[in-house]
Amino acid sequence: MSAPRGQFSSNIGFLMAAAGSAVGLGNIWGFPTKAASNGGAAFVVVYLVLAFLLAYPALMAELTIGRHARSNMVQALRGISTGPISRLFGSLAGFGGILVASLILSFYAIVAGWMVAYLADPFASLLGADGAAAWLTGNSVGRNLTFTAIFSGMTMLIIAAGVEKGIERWSTLLMPSLIILLLLLIVYVLTQPGATTGLEVYLMPDFSQFSPKLLISAMGQAFFSLSLGVGTMLIYGSYLSQQESLPRLGALVTLIDVGIAFTAGLLILPAMYVAQEAGTQIFSAGGELIAGPDLILQVLPALFDTMGTAGLFVAIAFFALMVIASLTSSISMLEVPVAFSIENLGVQRRLATPLVGLVIFAISSVIIINFDTLFGLVVSISTEYGQPLLGVALCIFAGWIWRRDQLLAELQKGHPGIEKSLFWKIWPWYVRIVCPLLILAAFAQSVL
Ligand code: PHE
């Protein structure tokens, strides 16, 4: 058919790409605010436990299936099927993954577009272009379409360049920049008045808030944050060399994801209380800490405004951080449908990327134009229903459908002797029984 499949040139390249996919708006924006409104460190502890006990095993299922099949989710699930029914189930789950990955990208690109607009805003202010600055931060349909288009274009450019020259190169460049920016911002914010109150709210556990709701919220967060269920990690696994140990790389990806989410809390919560000290309202009328778009697009910019010229640079650093985090995630989403188009439809990458990218941009545009009715709906369909249900399907494939000897043989590549390890004693049962049951229980709780 088409050109030979791409492959990551090194395990560091894979690690940066997979961690880049995992680390996104979910870590820097979602995690800290969920922690703050769900008992601070109590949420952090529950999240840590769930990330390693639930999300890591599911991540391993995706990586192992992907590396074995060396293809996209549809092909991969069909390939490890053992009969016509499981093949059909595999096609359904595979197409479901492609659809949900595209839907997630369609709303993610809108939010990331806001980040690009807010990154441009301080430059407009520095140039004295006040009209432009007001447009950049005003929530108009025109502004949203423009910046979603810009962000989608950036995502397409990287994906069109391929696995090694696009995904790997950019992730390896952007991930270290992200960590440096995050640390610089933390150091700056922690020196401002009010910061320690934020640290206390974040780090003092309030276990009285422990509830099923907290568990579900932490589970959803872990699934979204590790990019699970939609074939992103599967396709990245399919570009990984067979010389690497999957359990080890998977654990590192989980560790980096959790580590950056935790570290982002050290920035966001203190920044909120510094904003309060500077006179900005940080609680909603109902007494809850402001979260979501209002936090990122109002509370924090209000804080940066009180910092004078330094604030312009802090704003640039902060929104650059957000754009970088979004971009290394959005490319992993776009790769899912693009890889399918290349492998199953025989379209060349350079053509498949703009075609698929434009279809997804069209969906984003429809959402932008009908924002109030569609945005929340698409977020909920894709992340509350799609991701957990597809996650269960992937666990069922790894745990029940795929032949156990093939599964073991795949894991032994790059990790000889794994059959005697603790991992092999626990994990197969885990993906078989514990993961699907836990995910389904939480899913039932949250939607019924
Ligand atoms: N993990 C990304 C984040 O935390 C989101 C994502 C979801 C990426 C699904 C890819 C697939 O922002």
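Each Cβ is built from the backbone N, Cα and C atoms, and glycine gets one as well.
In TrEMBL this protein carries:
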- 12-29: transmembrane segment (TRANSMEM)
- 41-61: transmembrane segment (TRANSMEM)
- 88-117: transmembrane segment (TRANSMEM)
- 145-163: transmembrane segment (TRANSMEM)
- 170-190: transmembrane segment (TRANSMEM)
- 214-237: transmembrane segment (TRANSMEM)
- 249-273: transmembrane segment (TRANSMEM)
- 310-334: transmembrane segment (TRANSMEM)
- 355-379: transmembrane segment (TRANSMEM)
- 385-402: transmembrane segment (TRANSMEM)
- 422-444: transmembrane segment (TRANSMEM)
Recorded stretches the transmembrane segment (249-273) and the transmembrane segment (41-61) touching, at least 3 CB pairs under 8 Å: yes
Range from 41-61, 88-117, 145-163, 170-190, 422-444 with most C-beta pairs under 8 A to the transmembrane segment (355-379): 88-117
Tertiary contacts of the transmembrane segment (214-237), as residues 6+ beyond its ends and Cβ separation under 8 Å: 8, 14, 17-18, 21-24, 26-27, 30-31, 34, 38-39, 42-43, 46-47, 50-51, 54-56, 58-59, 62-67, 72-73, 76, 94, 97-98, 100-101, 104, 246, 253-254, 257, 261, 329, 332-333, 335-336, 339, 383-384, 386-391, 394, 438-439, 442, 445-446
Region pair the transmembrane segment (170-190) / the transmembrane segment (41-61), three or more CB pairs under 8 Å: no
Contact check, the transmembrane segment (88-117) vs the transmembrane segment (422-444), 3+ Cβ pairs under 8 Å, seq sep 6+: no
Among 12-29, 41-61, 422-444, stretch most in contact with the transmembrane segment (310-334) (C-beta, under 8 angstroms): 12-29
